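K.L.:
So Swiss-Prot lists the following for this protein:
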type	residues	note
ACT_SITE	135	active site, proton acceptor
BINDING	13, 14, 15, 16, 17, 18, 19, 38, 47, 139	NADP(+) binding site
């Protein structure tokens with residue numbers, strides 16, 4: 001029996017929030033791993049330290065830029081799979097990646113910068129709606145160009161939302177009172193960043209995820225806001241005072257608050273008021289679910305996540 005070689009993976013945006021987990025997991029999983037890095041990134045002390053870590057994993061650094069077509073094309077010609085984890089300000093620049101993939105003609109799979117909620121199902125308000133629309137546009141362009149793809153839907157980053165339980169500017173879970181978005185009943189989904197990377201790298205060579213949307217829905221992590229608060233209360237042996245932020249309150253803040261806050265709250269409205277994270281079924285043949293495809297992966301549960309905060 002011939003063991004097929006693991007694909008060569010290029011990660012664009014590898015020094016970003018979720019990108020660094022993907023670079024590490026890809027390299028440690030035995031994939032020849034490449035990271036497209038801007039030369040200016042080396043001048044950032046924090047990013048420079050991260051790049052040294054990448055080198056220790058055996059990652060090949062390719063200097064270039066998503067807006068420089070020549071460097072992009074040169075990088076893409078060296079690999080089999082391209083994963084983009086660029087931030088919101090660069091979503092539209094992924095058009096350049098699509099053009100380069102089309103010109104190179106060697107890419108077996110493209111994973112665009114999704115790594116959030118399913119934008120084809122979400123009913124977001126502005127300013128999140130425009131952000132989601134950019135992702136939708138990139139999806140339709142990939143499909144129109146006939147580029148093989150996988151869209152990765154991981155829902156909430158656990159380390160982003162859970163440490164402060166969605167309490168603005170807090171660093172740890174609340175001990176006295178908690179603000180709950182909406183009535184706290186719609187379910188949402190939380191996945192640890194390391195697990196997101198594991199499921200994603202598992203999927204890159206899997207024919208079952210080709211031209212599919214990969215949904216991450218760990219059963220133990222599909223919880224309502226009220227259920228998470230209750231879980232936390234059980235851990236600390238204390239009942240918290242609960243303040244419910246109504247839909248009207250959220251909409252008012254979204255209209256009047258500063259932009260970063262408005263965007264985050266607009267996403268919270270989609271997830272915690274509309275229930276857009278978990279209010280639909282994963283529909284085959286276009287949708288597949290990660291924990292069903294990869295049952296051997298042991299994911300971190302929300303319950304386990306909070307043990308370190310007790």
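Easy rule for this one: first residue shown is 1, then count along the chain.
Yeah, the Cβs are placed from backbone N, Cα and C, and that goes for glycine too.
Burial and contacts for the listed features, if you can.
P.N.:
The Cβ of residue 135 (active site, proton acceptor) lies under 8 Å from the Cβ of 91, 112, 113, 114, 116, 119, each of which sits 6+ residues away along the same chain. Secondary structure at residue 135 (active site, proton acceptor), taken from DSSP and collapsed to helix, strand or coil, is helix.
In the three-state DSSP scheme, residue 17 (NADP(+) binding site) falls into the coil class. If you draw a 10 Å sphere around the CB of residue 17 (NADP(+) binding site), it holds 14 other CB atoms from the protein chains shown.
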K.L.:
Considering all pairs of residues in 13, 14, 15, 16, 17, 18, 19, 38, 47, 139, annotated in the record as contacting NADP(+), what is the maximal C-alpha distance expressed in whole angstrom?
P.N.:
29
